[in-house]
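Trainee: Before I ask anything, here is the structure I am working with.
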Amino acid sequence: MEHRYNVFNDTPRGNHWMGSSVSGSPRPSYSSRPNVNTTRRFQYSDDEPAEKIRPLRSRSFKSTESNISDEKSRISERDSKDRYINGDKKVDIYSLPLISTDVLEISKQRTFAVILFLIIQCYKIYDLVILKSGLPLSGLLFKNYRFNFISKYFIIDSFFLYVLPSFNIPRLTFKPWVVYLQILAMLLLNIFISSDHEFVLISLIMTTWRKLYTKELSVTGSAINHHRIFDSSAHFKGALTIKILPENTAMFNPLHESYCLPMDTNLFKINSIDVPIRINSTEEIEYIELEYRDLYTNSVELRSLSKKDFKIIDNPKSFLKKDQSVLKSHSNDFEEGSTIRYLAVTLQDIGFYQIKKIVDSKKLNLKIHQSHLVVPYCPIASITGTGSNDRCIGDSDNVSFEIQGVPPMKLAYSKIVNGQTFSYVDSSLQPEYFESPLQSSKSKQSFTQGELNDLKWGRNQPVNINLDSSITQDGKFAYKIDKITDGLGNVVDFTSLPEELKKRYDLSYNFNVHEVPRAALEERFDPKSPTKRSIAIVFEEIKNWISDIPYVISLSYTDAQDKSKKIMNVTTDSLTKVLQADLPGSYNLEYIESKFCPGEIVGKSNVLVTMPVAPTMEVKSFPILDQCVGQVGLNFELSFTGAPPYYYNTKIYKLENGERKLYDAKRYTSEGTRNRFSYSPPKEGNYEIVFDTVSNKLFTEPIKLEPVKEYTFKTSMRVKPSASLKLHHDLKLCLGDHSSVPVALKGQGPFTLTYDIIETFSSKRKTFEIKEIKTNEYVIKTPVFTTGGDYILSLVSIKDSTGCVVGLSQPDAKIQVRRDIPSAAFNFFEPIKEAKIKHGSVTEIPLKLSGEGPFTVKFKHMDYDGNIVKEFENKFQNSYKPALKVSKEGLYQLVDIRDSSCQGNVIYRNSLYKVSFLEKPKFAIQDNHHITKVTENLFSKEEVCQGMEGTVDLALFGSPPFILEYDLMAPNGHISTKKIQVATKYASLKLPNQIPGEYITTIKAIFDGNYGESDIHFREHQSELIIKQTVHPIPDVAFADGGKTLRACAANVDQISFLEPINLKFLQGESPFSITFSVYHESTSRTDQYTIDNIDSENFSFEKLYEGMKLGNHAITIDSVVDANGCVNSLISGPRNQILVSITDAPKIHILDPSTEYCVGDYVAYQLNGVAPFMIKYEFNGIPLKSKERSSQFVRLASEPGIISITSLQDSSSQCIVDFTNPKLKSEFDDLSLNIHPIPSVTVSQGNYVTEDIREGDQAEVIFSFEGTPPFSLTYVRTEETDGKHGKRRSQVVETHKVTDIYSHEYKVITSLQGTYEAIEITDAYCFAKNDLFFNN
C-alpha cells in the first residue's frame, strides 16, 4: 500500500492525484479548506493523526520540486487530462480517487458512473411502461404496483447517489447537502412520473411499445401481431377519379350585406337596390330564376331574369357598405385569369329572396350556394311633441319617439340643451312577446324552413318610447334622431341630413323654454295727472327678457264708491309700465303674462288713489291788545284745505302820508291745516298785511288769493291763555281703530278747549268743544275711523276763567289711518292649486301679501284628511317674492296675517294649497308560479338545478327610461354590482346557475326620468328587495369499489346472503336518490336497465342488480342519478362508475356469440365457466392444440380461415375434464365448432388508380369487382379535394352510397359528378371489411 502513494517513482509527470493544490487547479486541497464537521467519506480534516498523512517519497522528487514553478504553464494544460501537480511536500490521501488512475483514468471513471446512472434510468423507464400498461410489478407491497415502483427506485437512486461521492471522482464528488437534494429530487421525479397524469414522452413510449411489441395468440397457437395478419387496405384496390372542368357555381349576396328599401322615397331618393351574385364560370349567364316571398302574405313567386335584367360588376367594393375586410376572403377573385365574376340584380320589392336556378350559355345549370336575403322596409323613426314650441319652466317636455323597423332595433338619439349635447342609445327595442330568429347574438345568412314558413318577423313593427320629465331650466331644447339599426343590420344614419329635412320629416324636435315673468304694482307722484298720482307696473329683469315681450298687464279699477269695476288690459315692451291715475279709486293688478308664459305677482298688487283738492286758505285776524298800550299787532288764524304742507306768501306795506310802500315780503310754511301767524310791527306806525298766494306739494304753482280785499289786513303798533299737543310723532292707526292725544294747558282754569278733526282727502272738518277742564293736562279721545286716509287734529282755541279766548296756532297732530286691511293668500299661477315635488326636495309656495312689512304669517300643515300635522309662523320683511318653503306633502292652509302695525285677513278662497310627491319609481315582481313572496321585501325563486337558466320578470312604474341597480351575491360570497337601462316598463333579470349554492339578488335602487342617480336623498330611502334562489348541485354517485370484479355462482344468484354487496359513494346531491343502472351481459351483448328508488347511505337494494344474471361476466354501470331535489345527472363516466360481476359454474364452455359468423381478423371467443385456470384442448384445421387459460374466457385471434373445434375442457377446482369427442357429446362438439371465413375484397378499375376527365353533362362508368361469397353489400364514396391548413390540399367526402343485395361479382355505377370514387366498406354473406387506410387519412 505504501507504493501506491509513492507515485513519483512510477511517472515523470508529477502528482496526478485529485486534491492537489496547484495554481490553476479547479479543486483546492483539503489542507487549505476550513474544518467542517461532516462524514469522513466526503471531507477530511487536517486534524487527523500525522501517521495517516504520509510524505510522498521519490528519487526524483527534489529535482522535480525545483522545476515546479517553471512547469506551471504546462501543468495548467495538463489539468484537462486530469493530471494535477502539487508543490506541497505532503498530500491529503483521503482526497484522492478511490480507484487509482493507473487502473482507470478520471475521465473514464466519470464516463462509467454516468453510464451506470443511465442504465438505472432506462430500467426505470422499462418498469414505468409495465406500470402504465397495468401489468404486475413486484416490490415491497404485492397489490400496490405504484408503491412498488416508487420504493424500488427510491432505494436504487439513493444508494447510487449516496455512494458516488465515496469514489472521489472529480466533478462527481458533491457536498452532503447537495447529495440529499439530489435524492429528494429523484424521489419527487419518481412520484411525479408514476402518477395517473398523462405525459407526452411517456405516452409516446407507451404507444411505440404497443405498436411494436404487442402480440396476441392466434388460433394456430402462435403469437402474432394483429396488425400484421390483417391489412384491411389490401382488400380495397383501385380508385377512379372523374374530373369536370370547370366547376360552375353561383352565390347570392356573397358579401353578406344587408339591404332595405325606403318606405318614403321623398327623403331617400332610392326605389331599388342592386344585389351582387358571385359567379364562378367561364360561360356567360343566360338566365336567372329568383324565388320571391312576400313578407305580409307569405305568397311565393318565381321571377325569371334574362341578360337585360342584370349587369356585370367591375368593382364589387362599391356594394360594400360595412367593413372592407370581408373582401379578404375573396382576394383571389380579382387575380388575373380568375373565372370569378360578379353580377348585379336589381330588386324593387321588399320580401325574401333566394336563387333557385342559374343557366349559362350552354344551357347548363350552375351549382347554387345557399344564401338567403331578406329585404324589408328601411327602419324609420320620428319625434313628436304634445306641447307648444314655446314652453315655460315647470312644464313637461312630453316627447315621444315612434320607431318602425324589423325588431330587435337600436335607436341612437341626442338631447341638446343650450348647445350642450347628451347622447343616448336604446337597444333591443321590440314589441312585447315578440319572437324572431334575429334575436340571437350572431348574424344569420340563411334561415331554416320553419323560420321561412311565416315571415312576419321580417316585417316592420312599431315601437314607441315616451319621455316625460319636468323642465327645470330655460333655453333652447332640441331632440334629434341620430341613427337607427334594425335586426337585419340595416343602418339609417340621419346625422348628415340638413336640418330642414330633419324638421320636415320629424327627425328633430325643437322647442324653447322661457322664464316666468314677475311684477309688482307701485304708486308714484305725477304732477301732470288729475289725481297727481300714477300707477307703475315694474317687472323683474330676467335673462333674454326682450324675446319675451310684449308683456300683457291686466288692471282692474274700482271707483271710490265701489259701484263700478273696469278691467284694463295693456301691453308694454319695457320692464316698467307707468299709467296715469286719471280717476280716484282702487287699482288692482289682476295678472300679468309675457309673450309665452303667465306671470307671477310678487309684490304689492293694490293701490288706492284719491282725487286731491286745490289748497285754499281762510284768514282771520285778531288785534293784539295790550292793556297798557292797546293794539300792538295782529294775530292771524290761518285755516287751510288740501294736503299739507302749505306754502303761502305775504306782503307787508307801510302806510305813510297816504302812500303804501312795500315794507317786507315773506314766504311761510304751514305743516298743518291751521296755522297761527302773528305780526307785530317792529316800529310804530300803520301797516297793511296782504296774503298773496297759497300752494302745497300737489299744487306747486302758487294760487292767487282772491278777492284781495278779504286777504288784506291793517294794524298799528298798538299776552294770554295757551294750549299745545304733547305728541311728538304722527299717529298711525288701522282701519276701524281710535287713539288718544294728550294736551298741555296753560292759564287760569277751568278751561274750555275747542279742536277740529279734518279729513284731508275730503276737506271735511268737525269741531269739538270740551268744557270744565280743571287740570293742566287733558287727553283727547278720537272717534273710531271707518274710512282710511290722512286726518289732522288741530287745536282751535282755549278760554280761561277770565273769559279771555285765545286762538291757538300750535302744531297739529297728524293721524294716518290705513286705507286697506292687510291680507294674505297663496299666489296661484295656474288654475291648479297643487304642486308636485320630488321626495327629499324643497319647494316654495308663493304668497301674495298686501300691507306694510314686515309680515307675520301663520299657517298649518294638514294631511289629506284635514288632520292638523303642525302649525307654523313665518316672518317676511316685505311683500317682494314671499314664499313658504315646504318639503312634505299634504295640505297647507293660511290661518292668520299681521303686518307691521295691523291685524289682517286671510283670503280663504286662495288659502289652501296642496303639495304632493312625484311618484317614486318602483318595480314589482310579476306573479307567477315560479316565485314565492316570503316577506314584504323577500322573495324566493323556485329552486333549480345546476345549469338551468332562470329569470325574474319585473314590472316597472314611473317615467322611463329606467335604471335598475342590483347586487348579485354568488355562493362563494363574491358580490358584483350591476346596472341595466330599460326604455320600456318591463325588465328581466337573468339569474346565474353555474355554481351550486344560494344566489342572493338584491335590487338596491331604481331610477327614472324624475328621480335620477344624483338624488342622494331618494337613494337613501329606497328599500332593498331581495330575491333568493337555491341552485342545487348535480347529483354524483359512484361505486365504492369502482373497477373491482365481484364473483358469484350461478346457483347463488337469488340468495342475497351469498352475494358480495355493491356499495355506493354519494359524492354530491341530496338523498334519497333514484339511480338507473345498466347491466351489460357479455355473453349476450345485451344491456338491461334497472331503476332503484329511495337510495341513501343506509338503504340500497343492490340484490336487484343480480337479477337475471346468467353465467358469464356482467358490467354494471351507473347511467343516471336523480336526487331528492329532482336534479338529474346523466353524464357520469370514469372507472369509478363501473364494476364487474363474474358468474361462474362447473367447467363449461360455450361460444360467446354462436349466431355470429367469424372472419379472419376476428376474435374467436369462448366463455368458460368454472374456477380458473382452465386447460383447453382444441383442433384447428385438424392440428391438435392446447391452452391454459387463467381467465374466464378463451379468446384467440382468427389469423387464417379454417375450422376450430373444442375437444376437451378442464378447470382447477373439480379437475373435471369434459371430452367433447365422446359421441355422446357430439351435439356439444358441433355447437363448439366454428368456421372462420375469409375476408371479402373489392377492386375498382381492375385495381388501378385511374383519372378520367369528362365534360360537364357527360357520364362515366365506375366498375366494382368483388371476391367472396355473395350476396355482397358495398359502400363507396365520392371525394373532392379542398383547401386544408397551411395551403395543403385534402380530400373531403361529398357523397356516400351504400348498395346491398349484389349477387354478382361485379357492380357498375353511371355518374356525371366529378370526384374520386373508391370503396370503403365491403360485406359478403359472412364477413365485413373496412378500408382503414381511408378512414385514418
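The backbone N, Cα and C atoms fix where each Cβ goes, and this holds for glycine too.
I grabbed these lines from Swiss-Prot:
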COMPBIAS  19-37  compositional bias 'Low complexity'
CARBOHYD  N280  N-linked glycosylation site
MOD_RES   S45  phosphoserine
MOD_RES   S60  phosphoserine
REGION    1-48  region 'Disordered'
REGION    390-1276  region '8 X 24 AA approximate repeats'
REPEAT    390-413  repeat '1'
REPEAT    626-650  repeat '2'
REPEAT    732-755  repeat '3'
REPEAT    836-859  repeat '4'
REPEAT    943-966  repeat '5'
REPEAT    1058-1077  repeat '6'
REPEAT    1157-1178  repeat '7'
REPEAT    1253-1276  repeat '8'
Trainee: Can you work out which residues elsewhere in the same chain, 6+ from the ends of the repeat '5' (943-966), have a Cβ less than 8 Å from its Cβ atoms?
Mentor: 424, 426, 465-469, 919-926, 928, 930-931, 977-991, 993-996, 1001-1013, 1027, 1029-1034, 1125-1128
Trainee: Under a three-state reading of DSSP, tell me whether N280 (N-linked glycosylation site) is helix, strand or coil.
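Mentor: Reduced to three states, the DSSP call for N280 (N-linked glycosylation site) is strand.
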Trainee: On average, what pLDDT score does this prediction assign to the repeat '4' (836-859)?
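Mentor: When the pLDDT values over the repeat '4' (836-859) are averaged, the result is 88.
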Trainee: If you draw a 10 Å sphere on the Cβ of N280 (N-linked glycosylation site), how many other Cβ atoms land inside?
Mentor: 18
Trainee: Sort the residues of the repeat '6' (1058-1077) into helix, strand and coil with DSSP and give the three counts.
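Mentor: The composition, in the requested order, is 1 helix, 10 strand, 9 coil.
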Trainee: Pull the DSSP breakdown for the repeat '7' (1157-1178) and write it out as helix, strand, coil residue counts.
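Mentor: For the repeat '7' (1157-1178), the helix, strand and coil counts are 0 helix, 14 strand, 8 coil.
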Trainee: How do the residues of the repeat '2' (626-650) split into helix, strand and coil according to DSSP?
Mentor: 0 helix, 18 strand, 7 coil
Trainee: For the repeat '1' (390-413), give the DSSP counts of helix residues, strand residues and coil residues.
Mentor: 0 helix, 16 strand, 8 coil
